[in-house]
Every structure is written in C-alpha cells, then in structure tokens.
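A.B. asks: Take this structure first; my questions come after.
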Amino acid sequence: KEDEEIEAAEKRLEPEAEPMLNSTPMRLLPKEADDGKPPPYEDCQLVEAPAIGRETWNQKIDFLLAVVGFAVDLGNVWRFPYICYRNGGGAFLVPYLVMYIFGGLPLFYMELALGQYQRCGCITVWKRICPMFKGVGIGICIAGTYVAFYYNTIMAWALYFLYQSIACTFNGGVLPWMTCQPDEPRCRTFEQKLNNSDIGKNCTTGENGTCTLSSSEVFFYKKVLEIQNSNGIGDVGGVKPEIAICLVIVFAIVYFSIWKGVKSSCVVHGNNALHCSANLANRGLMLEGSMGGIWYYLTPKWERLLDVQVWNDAASQIFFSLGPGFGVLLALSSYNKFNNNCYADAMITSSINCCTSFLAGFVVFSVLGNMAYRLGKDMDTVASEGPGLVFMAYPEAIGTLRGSVFWAILFFIMLITLGLDSTYGGLEAIITGILDEFPKLQRRRELFVLGLIVYCFIGGLATTTYGGFYVLNLLDQHGAPISLLFIVCVEGVALCWFYGHKRFSADVKKMLGFAPGPYWQICWTFISPVFLMAIFIANLIFYESRPVMVLGEAIPFPKWAIGIGWMITMSSLVMVPVYFFYKLAITPGTLKERFMKISQPEELPPHVEVLPLELLGQRRRQGGWR
C-alpha cells in the first residue's frame, strides 16, 4: 500500500517541483512553498545520506577517553575536595547530585547529541539551528583562547616542579621545597613546625612576633615564580626564562598531539591520571592520621543545606567540572559515527567525572590528615584550594612521606596529564569550530594549528613573568567563568525554544532509534536554562574580586585591573548581541521577515537528506540512502 501511495505521488510531481541541489553532493532539499517557508517535515522523509568524508575516531574508546580527559581536569583535584569540605562535607553531596541530575547531566547529553547529529564545530552549527545566535560560537572560541593563555602556564609550573623533583635525586634526595630559602627569615620547615606548636597555616604569629611561612610556600613564590621581582599587577617585571621554557615544552607536546586531527590526538593521559590518582589515594589511606582527614572531608553538616551559597557552589562546580558550553563536547562528538550511542556515552563519562572528583578528595585529605596529625593541628590549618593546595600544601605533605621523591614525581605527572587532556579538548574546540566554518583551511590544518599554538603562547607569556601570578588570577576570574554561563544559557534557549525541543528529540531518535524521554525534554526546555541563568545572576550579585594570596598577604586588584577583567569578560559575551544585530541588518525584508529568516535553519547537515514523498520511491529504487 505504501508503494502504491508513493507511485501515485510521483505521478502528481510537476517539473517545477524538482528538488534543488545545494553545494553538498547527494543532499536534496525540497522546494519552498509559496510563503517562502520549507514544507513541513510531515511531507518529507529524513534519511542518512552517504558519508561525506569527515574524520571519525579510530575506536570508540578513543572518544570516551578524550571526553573523560577533558572533563577530569585540575579542578577535580584542587577545587572539588575543598569546596566539598567548606560547604558541609558529606552534606554537600546532596546539592551536588541534585545539580548533576537536573543541570549538569542534561546539558552534557545535549551537547554530545547535538555535536554528533550536526557533525560540525561550535560556529557552523548555528547555521543549522538558529543563524542569529552564531555569536554564541564566536564567543566560545574567544573565551577558549583566554583559558589557553593561563591554563597551560599551570602545567608549566607542574613541569618545573617535576624537573626539580627528578633533579633532587642527584642532590641527596631531599625535595627542594622541604628546606628554607636563605633570603627568607620567616621561613619554617616541617621539622621546625613539629617543634613549634605556635606556627600554623600560611602566615601566623611566630616567636619574634613576625609572620612565618612554610618552606613550600616560600619555594613556590620565591623560587618558582620569583614574585619578589615584581611590584604587583601594575609592574609584573620581565619573563622568567625557566617557566617560559617549560611553557614552550608544554605547547610543543600539545601541538604534536593535535596537529593531524583527532586520530593523532593523545587521549591516553586521562587514563594515566586515573591510575596515578588511585595509587596516591591508596598510599594516603595507609598513613597514620589519614582517616581523620577523610572524616573531616566527609562529615556532613546538614545545617549548611539551608545556605543559598552552598547550592550556588554546587551548581557552579558541576557546570565547570563537566564542561558543557566550552564547545569541546560538541567538537569531540562531531567526529563520532552517526549511530553512535551518545546517550550511553553521556551517562558513562559524566559518572566517571563525578567519581573522580570524589576520589580526589581521598587523595588530598588522606595525606593532609596525616600532616595535621603529625603537627598536632586541626585540619583547618592545612586545608586549602587552588594553587595553594597543589603547589604548596600537598607537596609539603608528600615531602614528609617515605619515598617522597617517587610520590612527588607521581603527583606532578598526574597534574600534567590531567592538564594536557583538558587543553587538548579546549584547543580542539577552537580548531574544529574555525576549520568547519572555513573549510579551505582544513587542507593546511598543520599550519593553522601551529599558528593557533603560537598565538596562545604569545598570549600566555604575560603569565610567565615575575608577576605573572597576578595576571593568571585575573584571567582565571574573568576569562571564561561568567561569560560562559550566559553563553550556554543562550545556547540552550536557542536549541530548545527556537530550533525546538521536539525537532531536536527527533534528531536524536534518528541517531539512536529512540527519542529522549520527558525528563530530558523538560530539563532541556525549562530546568537547564533556569539553572544556568540562576548561576549567572548569582555570580553577578555575589561578585567579589578575590585578592591574590602572596607570601601570606592578601593583595587586592586595583580598580583599573578589575575594569580590564570585565572588559575581558565582555569581549566574549558581547559577541551574542553584536552578531544578532549584524545578521538582522544584512538580511533583506521587513523586520518581521528578517527575524523569521534568521531564526530558521539555513542548511541541513550534509549527511542528512530531506526527501519529498514524491521522490521517495525514485530514490528507493536508485539506492544510496538508508
């Protein structure tokens, strides 16, 4: 009966109704109706077209490792454990899981599915969804370059620590941050702390009434950064050669890992980092006093659940941990095969990320618990976050262990591998977005990637100066966090309200064979946009420029530096309205007609065909579609 209906429809086909061929081979579009709109999908059949030669992953495991490597980054080690402790310990897991279920996971799945179906980067994808929001993709690329400016410098620090750890094996086997610098009278070693109970965390009152500092703190600021040679962010001084050389090595590793494309990407580092984390956790749990640190980490403080800031921290942590909105998930999944089960991928990789964050707490607090036990101090005196944790508190704790050199080398290898996979993903998002938008550049991918790497290196040189620590903190606070919240909120609205959650669900069904359930559609359409907008507004309301801790002193940013920070934030955020008005201005027609045109897809994915029913029988007999 279906064949008879198709044959009858073919007889009614008029010459002027022949399908139009666009620039992509084997892609047929139905003729537009009299009102200028394409015919409804009910009159057409969407089928998968023949492959168009886009690069794909060699194996599925390569894709999974790439996603896990991006999602599991330094924030899992230096931020989640401290935030968990600070916001109620075990009780923090309640808002964390709620935000994961209704915010992080739906956005994670949405980006993987969107990238896999559209098979393009964060800029080109908007031609196929809602062209007036193309500024979202441009803003993502701009924010991604800001992150690349400073994120790789952190790996350069870790590489310098690794070098110092290896070098000390030829100098008596004593880690350099376990001894005091001769030019710093306030410095106290761990052994001195054991003999002086008045010396606590960072900067406290010592025997002579002056401020005292740990040996690891002095080593980081005065040996690694040499921050004493700068006078704040207004006078950062020259470039420190050792850190600049380490940054060159980091970027060289990154370049030769991604220059050929995803098939040449090194995606095994995330797996190595997980092994390192497991070994460090196992060693930490064997230490005396470690369970005190674990108990401190997990003890629930249920009254904190009534604090709005706790929920805001949980939402921010899950969002920046999973990483939707950075364009990375979109880019990585665009190299998947059309029928890959991205739903299972989202569940597996997001779960691994959350479990790794939880594991990192055991890695950190077991060793810090041993340190607090030996000093006879409360955990409050040794717990910290950010650089203070991974470059001061934790290295000092490792230095007290038997076989400290081995554990220090293992720890810094873990930091470097965590950072490398994340920077692979971040740069691949920019590369895929630009190359898909300008296909001619794909023939010279190696040169384009080299140019991007050089650009990021030049931008990152400011963070390798003697005062680069100030620049890094400014970029960390303003480079991406605030702007990406707004950008991803717009992305969700554009996809589910303009493109339509029903149409997007139909796209997912064509790939997987089943449509997303009501839970996913409700989250995408209502909960996730509200989730993101709430975090964005909360960050604006509760915004405070965090001072930079240097040698026990909190140094605030001057107002002009904060102004530059907000200019950095706005430079990516403003791309959304700027492109919207630009697109509206160059589109012909009345205001209403222009708005309707720029809110409808301009093209379809090259691997998907829209066939009018009149042509279905003809194409069926010819073959070439599935």
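From the backbone N, Cα and C atoms, a Cβ is placed for every residue, glycine too.
TrEMBL annotations: computationally assigned, not manually curated.
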A.B. asks: Can you sort out which of Cys180, Cys203 is the disulfide partner TrEMBL gives for Cys187?
C.D. replies: Cys180
A.B. asks: Reported as an integer number of Å, what is the Cα distance between Leu418 (Na(+) binding site) and Cys187 (disulfide bond)?
C.D. replies: 31
A.B. asks: Which listed stretch (63-81, 135-163, 242-259) has the most C-beta pairs under 8 A with the transmembrane segment (318-335)?
C.D. replies: 63-81
A.B. asks: Is the number of Cβ-Cβ pairs under 8 Å between the transmembrane segment (135-163) and the transmembrane segment (280-298) three or more, considering only pairs separated by 6 or more positions?
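C.D. replies: No, the stretches stay apart by this measure.
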A.B. asks: Please report the number of other Cβ atoms within 10 Å of the Cβ of Gly69 (Na(+) binding site).
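C.D. replies: Step by step: centre on the Cβ of Gly69 (Na(+) binding site), count other Cβ atoms within 10 Å, giving 29.
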A.B. asks: Which residues does Ser422 (Na(+) binding site) neighbour through Cβ under 8 Å, counting only same-chain ones at least six apart?
C.D. replies: Gly69, Phe70, Asp73, Leu74, Tyr151
A.B. asks: Would you mind reading off the Cα separation of Cys180 (disulfide bond) from Val72 (Na(+) binding site), to the nearest angstrom?
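C.D. replies: With the alpha carbons as reference points, the distance is 34 Å.
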A.B. asks: Is the transmembrane segment (93-114) in contact with the transmembrane segment (562-582), using three or more Cβ pairs under 8 angstroms as the rule and ignoring pairs under 6 apart in sequence?
C.D. replies: no
